[in-house]
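Per Swiss-Prot, the features are as follows:
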type	residues	note
TRANSMEM	1-20	transmembrane segment
TRANSMEM	22-42	transmembrane segment
TRANSMEM	64-84	transmembrane segment
TRANSMEM	88-108	transmembrane segment
Amino acid sequence: ILIGLVFTFVIYLPMAFVQSPLQLGILRFLLGFGAGALMPSVNSLLSKITPKEGVSRIFAYAQMCSNLGMVTGPLVGSAIAGYISYRAAIVGTSLFVIVNIIWSFINFRKYLRKRSIME
């Protein structure tokens, strides 16, 4: 998860400084790899740390939060882009990813040196 988040941050930040649609397209393409790394990692982590009787509920919450983010993210981002600039919206997203990296590191640091979360 941390590697996926760091990769996502490293891709998001340069998006604020692109000079052409081609540059933005390439970075957006690369961003797909970050999302591709995050979703399976999160799902795997949820299935391992959740008690068996709560797995269906936690996956429902995860899906609900994901869908909520897919709606509110573009709404907030477009409002910021409209009132300030696209650059501000992208930098804001980068800052949000940094907060997520810090939060994930704090909450999962005890697992960083283990081969499996189940150890």
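Quick reminder: no glycine exception, Cβ is built from N, Cα and C everywhere.
Same-chain neighbours of the transmembrane segment (88-108): 1-2, 5-6, 8-9, 12-13, 15-16, 73, 77-78, 80-81, counting only residues six or more beyond its ends whose CB sits under 8 Å from a CB of the stretch.
For the transmembrane segment (22-42), the list of distant contacts is 1, 3-5, 7-8, 11-12, 14-15, 62: same-chain residues at least six beyond its ends, Cβ to Cβ under 8 Å.
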